[in-house]
Amino acid sequence: MKFTANGSSFLYRKLLDSKAFVKEGISFILLFFIIIKGKCPEDEWDESTIELFLHELAVMDSNNFLGNCGVGEREGRVASGLVARRHYRLIHGIGRSGDISAVQPKAAGSSLLNKLTNSVVLDIIKLAGVRTVTSCFVVPMATGMSLTLCFLTLRHKRPKAKYIIWPRIDQKSCFKSMITAGFEPVVIENVLEGDELRTDIKAVEAKIKVLGAENILCVHSTTSCFAPRVPDRLEELAVICANYDIPHIVNNAYGVQSSKCMHLIQQGARVGRIDAFVQSLDKNFMVPVGGAIIAGFSESFIQEISKMYPGRASASPSLDVLITLLSLGTSGYKQLLKERKEMFSYLSSELKKLADIHNERLLDTPHNPISLAMSLKNLDENNDAAVTQLGSMLFTRQVSGARVVPCGSVQTVNNYTFEGFMSHTNDYPCAYLNAASAIGIKKQDVDIFLKRLDKCLKTFRKEVKKEETVDEISNSNTGTEQLED
């Protein structure tokens, strides 16, 4: 298929939503864009093809023009060749001073990268289960600050509001996102149902009536979380938000990888109200930390959020996730999702076996599709410090990501004191250990973790037996002395 510069110029302008610039010699870019049609390709691209694609994008930026003469304060100059190569000479970043999604006339390639990345990511979100999502954009901030950006956007819509209704989840960044935005979190304690900690819907609605809907900025709910907490009851919360005309922002930090979390968002939007949902790039797409996706069901509201971002932004998160998705294709990403779900079942069954061996139990948390929890009741009863010591032992044995949660921990975050911090409730019945089956996990990871955990628990059992033996000897000697007296 042959493309001419004149014949392709209309499509190029349409792609960028701007008539600010049209460049000759872009047939290669258009060829690739037509192949994927703004969607993630089904099959992966090899590295040489991706690099060629990125180089073609880079030569469309003015700092890479032959004979370019720059006399402004920001002309894409880079002192280090290593830095330039690291960024594929895409130096201008994304957006303009007034809108992170706007096109830069002097950076056609970087602007096209931004548009294309947002389009590909939107396709993946639909593929993962939120079929009716209409708009999204990649923002070069992690989940917490991205949530803050959403709250700041809502401030202009609800100037009288000062509260955010927040079903409790013991994770500092989502709590601080509300504080940073200048709002007062209203913490709704979870209710214990069996082993699970679930949303107290009645308490949410009661608090709305007490505070007044007009004084509430939004409900800030959560999907992905550490067991025994489970995803919030999004459908019920969405219905409440619709009934009281209150915005609803969802923290979906690592929920894209879970069909169950994505289904909750889809259903919530169908039966009620969800204004935006935020997800991490590194947790869902295995890229470096520093980016998030803000998505929603109203294109105009998502555009408002993007316009709230002050100034231009780094293109690195967009570049990283685009490279990753092109290298995987939809078939590769779906395979990763399938493997993660299989590993969750495997981790669950094997951790239950190990728990039984050590007279513990795998907590019953069927509504959490990613995280598992194993009780440490016997460990906690024998030694108050043993639970935290177990966490240290696992870490020094190169087990990362496992969390040990003791009973009765107290933590103050921005002058708010959380009783039982890390357990998502004031008084959970037992100490426990968390392990998660996240995207990219392999069977080898699970097997090594279980082997090392088993060794650590056996070490504790030996120490307990030694202490019991010492106590028996001590008691025996005391008894003998009394008889002699």
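Counting starts with 1 at the first residue shown.
Backbone N, Cα and C define each Cβ position, glycine as well.
Caution: TrEMBL annotation is automatic and unverified by curators.
TrEMBL annotations:
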- Arg74: pyridoxal 5'-phosphate binding site (BINDING)
- Arg96, Ser97, Gln104, Arg312: substrate binding site (BINDING)
- Arg270, Arg397, Lys462: tRNA binding site (BINDING)
- Lys283: N6-(pyridoxal phosphate)lysine (MOD_RES)
>> If I take the alpha carbons of Arg312 (substrate binding site) and Arg74 (pyridoxal 5'-phosphate binding site), what is the distance between them in whole Å?
In response: 11
>> Please report the distance from the Cα of Arg397 (tRNA binding site) to the Cα of the residue listed as 'N6-(pyridoxal phosphate)lysine', rounded to the nearest angstrom.
In response: 23
>> For a quick check of understanding: given the listed substrate-binding residues Arg96, Ser97, Gln104, Arg312, what is the maximum Cα-Cα distance in angstrom, as an integer?
In response: 10
>> Beyond the listed site residues Arg96, Ser97, Gln104, Arg312, identify every same-chain residue whose Cβ lies within 8 Å of the center of their Cβ atoms for the substrate site.
In response: Gly93, Ile94, Gly95, Gly98, Asp99, Ala102, Gly311
> What is the separation, in Å, between the Cα atoms of Arg270 (tRNA binding site) and Lys283 (N6-(pyridoxal phosphate)lysine)?
Replying inline: 26
>> Taking every protein chain in this structure into account, which of the binding-site residues Arg96, Arg397 has the most other Cβ atoms within 10 Å of its Cβ?
In response: Arg96
> Which one of the binding-site residues (Ser97, Gln104) has its C-beta surrounded by the most other C-beta atoms within 10 angstroms?
Replying inline: Gln104
> Largest pairwise Cα distance, Å, within the listed tRNA binders Arg270, Arg397, Lys462?
Replying inline: 55
>> On a C-alpha basis, identify the one among Arg74, Lys283, Lys462 that is nearest to Gln104 (substrate binding site); the candidates are the recorded positions.
In response: Arg74
> Which of Arg270, Lys283, Arg312, Lys462 has the fewest nearby Cβ atoms, counting only those within 10 Å, among these recorded positions?
Replying inline: Lys462
> Relative to the Cβ position of Arg74 (pyridoxal 5'-phosphate binding site), how many further Cβ atoms are located within 10 Å?
Replying inline: 12
>> Spatially, which candidate from the recorded positions Arg74, Arg96, Ser97, Lys283 is nearest to Lys462 (tRNA binding site), comparing Cα atoms?
In response: Lys283
